[in-house]
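**Student:** Handing you a structure now.
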Amino acid sequence: MAAVDDLQFEEFGDAATSLAANPDATTISIEDPHETPKHQPGPLGGSGREEDDELLGNDDSDKTELLAGQKKSSPFWTFEYYQTFFDVDTYQVFDRIKGSLLPIPGKNFVRLYIRSNPDLYGPFWICATLVFAIAISGNLSNFLIHLGEKTYHYVPEFQKVSIAATIIYAYAWLVPLALWGFLMWRNSKVMNIVSYSFLEIVCVYGYSLFIYIPTAILWIIPQKAVRWILVMIALGISGSVLAMTFWPAVREDNRRIALATIVTIVLLHMLLSVGCLAYFFDAPEMDHLPTTTATPNQTVAAAKSS
C-alpha cells in the first residue's frame with residue numbers, strides 16, 4: 001500500500017510541461033464550464049460527416065426517396081401503378097376546372113395547374129359526364145322538337161350514349177397521343193422546344209372539355225342561332241386554353257410548322273364541337289316525319305289523270 005505522504009495533492013503547471021518531464025504521468029483536464037470547448041478531431045472516417053449529410057440527406061429524405069423509388073418501380077399491372085394517376089384532391093380538381101373556364105392570357109395551363117401533380121381523375125369524369133350530357137340532351141332535344149305532333153312517337157335512342165362515348169374518349173386519348181408523338185419528334189430536331197409528358201397533354205385536353213358540359217345542356221334550347229352562339233363561346237374558351245398551352249411548346253420551331261400545329265389543334269377541337277352539335281342535335285329525324293296514306297279515291301283519280 002502506498003504511504004500517506006505519496007497521496008498528496010500537488011499543484012502542477014501546464015499539462016504539456018508535466019508530460020514532458022514525466023511521460024508516464026496521467027493528467028486530467030477540468031475545463032471551466034463557461035469556456036467554450038475547443039474542437040477536437042473525431043474518429044477516423046468521421047471528418048466529412050456533415051458534408052455527407054448535406055449531399056445524401058437525412059433519414060427523412062432517405063425514406064422519402066425510398067418511398068418514391070418504390071412507387072416508380074411498381075409494375076404497370078398493379079393497382080399501385082395506376083393509383084398515382086388519381087392521387088388528387090377536390091380542391092385541385094376545382095382549381096383546374098376554374099382555370100380551364102377562365103384562361104389567363106400569357107399563363108401556361110400546364111405550369112400553372114398541372115405540372116405539380118398531373119392526374120387522370122378529372123379528365124376521366126369530365127369525359128364521362130360529357131358523354132351522358134350530350135346523349136341525354138340530344139334525346140331530350142329531339143323530344144321537344146317533335147312535341148305536339150300527333151304522328152310522333154318518342155323512342156329513346158340509347159345508341160347515342162355509345163356513339164358519344166366513342167367520339168369523346170377517342171378524341172381525349174388519340175389526339176393527345178398524336179400530339180405527344182409529334183412534339184417528341186420535333187424535340188429531337190429542335191433541342192430548345194418545351195416538352196410535355198403524355199399525361200400532361202391528356203390532362204389539358206380533359207379539362208378543356210369541361211366547358212362543353214353546360215353547353216350541351218343548353219343545346220336543348222330548340223333555336224339554331226342560340227346553339228351556334230353557345231358552340232362558338234365554348235370553342236373560344238376551350239380553344240384558347242389549348243392554344244396558349246401548346247404555343248410555348250412549338251414557338252421555337254419553324255414558324256410555319258408552329259402555326260400549322262396550333263391551327264391543326266384548334267381545327268380538330270372545332271371539328272369535335274361542330275360534329276357533336278350537328279349529329280346529336282341538328283340531325284334530321286326522317287323516320288319521325290308525318291307520313292300521308294293515299295285513300296282509294298285518290299288512287300283512282302290519280303290513275304285516271306295519268
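For all residues, glycine too, the Cβ spot is worked out from N, Cα and C.
All annotation found in TrEMBL is predicted automatically rather than curated by experts.
So TrEMBL lists these for the protein:
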- 15-61: region 'Disordered' (REGION)
- 50-59: compositional bias 'Acidic residues' (COMPBIAS)
- 101-273: domain 'Yip1' (DOMAIN)
- 120-141: transmembrane segment (TRANSMEM)
- 161-185: transmembrane segment (TRANSMEM)
- 197-222: transmembrane segment (TRANSMEM)
- 228-250: transmembrane segment (TRANSMEM)
- 257-281: transmembrane segment (TRANSMEM)
**Student:** As a test: from 120-141, 161-185, 257-281, pick the stretch that has the greatest number of Cβ pairs under 8 Å with the transmembrane segment (197-222).
**Tutor:** 120-141
**Student:** Between the transmembrane segment (120-141) and the transmembrane segment (257-281), are there at least three Cβ pairs closer than 8 Å, leaving out pairs fewer than 6 positions apart?
**Tutor:** yes
**Student:** Could you pull the average pLDDT for the domain 'Yip1' (101-273)?
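**Tutor:** Across the residues of the domain 'Yip1' (101-273) the model's pLDDT averages 90 on the 0 to 100 scale.
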